[in-house]
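Quick look at what TrEMBL lists:
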REGION    117-144  region 'Disordered'
DOMAIN    154-181  domain 'C2H2-type'
DOMAIN    214-241  domain 'C2H2-type'
DOMAIN    242-269  domain 'C2H2-type'
Amino acid sequence: MSIDAVKVKLQIWDTAGQERFRSVTHAYYRDAHALLLLYDVTNKASFDNIRAWLTEIHEYAQQDVVVMLLGNKADSTHDRVVKREEGEKLAKVPFLGASAKSGLNVELAFTAVANKTKTKEAETPESQAPSGGEGDGSGEAGATATTGDIKGLIRCERCGYNTNRYDHYIAHLKHHSKEGEDHRVFKCTLCPYTTVSQYHWRKHLRNHFPSKLHTCSQCSYFSDRKSNYIQHIRTHTGVRPFQCLYCDYSSSQKTHLTRHMRTHSGQSSTLCSVKCS
Ligand SMILES: Nc1nc2c(ncn2[C@@H]2O[C@H](COP(=O)(O)OP(=O)(O)OP(=O)(O)O)[C@@H](O)[C@H]2O)c(=O)[nH]1
């Protein structure tokens, strides 16, 4: 397949899933660059087996192997016994609902792992995502299975921005190509989420702080405590409202002034370095 005008050759091995073939399977995935792990959404046992497969992968596959979990037969909405959320929650690997019958997300799954494998192996940071790979969004119970399902799979090598959506990634790349563009990336310090959109960043933070949150308009700082936020803002404005009574020292933070004052009172072994040493 073609990824960003680069031809990527995939050699695909369909291994037998049954327990009795497991030892044969080890040999297959030992040298694999990527593994697509499938279960049948109409068969609970196949889903329950996934944990065992993940353990095997952890034990036998290459450490940096690209793994993706697929909940197949998404078209069988009436017979579904494994909810989509269960698949998403099962492992910290990208998940897609798929259907070999309707073709839902089949191409996307291969494109995504090929892209990830290519990016991982490329020495240069110039790797880019493919421009296609849209899922048709049909067949998933209560949810649309689209490109948006591959969590954090696509990462911008230039700035660390990562997304689960190709369309967002492509939009993100434009930030790098525009001359003079502000390359700010907004990061969540509580989880790996990053975005170039301040709007989405604020929206995301509400997941962590549903009630009150103060976000800095100039950087990725946020706090649920107003006093901390006000203190942070002074790092941008340069305002230093806390003045020493004995010398020229001033600080943006009260705690810094308190520490400084000890140099005058003799409580600190350090001497004041501003004027009165
Ligand atoms: N409805 C539906 N049926 C499917 C889908 N994929 C596979 N099947 C059916 O599920 C059955 C098993 O498919 P296989 O491709 O043999 O499954 P497998 O996992 O390769 O089986 P092993 O060879 O035992 O590992 C067949 O009857 C397929 O027609 C799908 O996406 N939707």
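The backbone N, Cα and C atoms fix where each Cβ goes, glycine too.
Predicted automatically and left uncurated, TrEMBL annotations should be read as such.
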Six or more residues beyond either end and a Cβ under 8 Å away: which residues meet both conditions relative to the domain 'C2H2-type' (214-241)?
184-189, 198, 201-202, 205, 250-253
Over the span of the domain 'C2H2-type' (214-241), count residues by DSSP class, listing helix, strand and coil in order.
12 helix, 4 strand, 12 coil
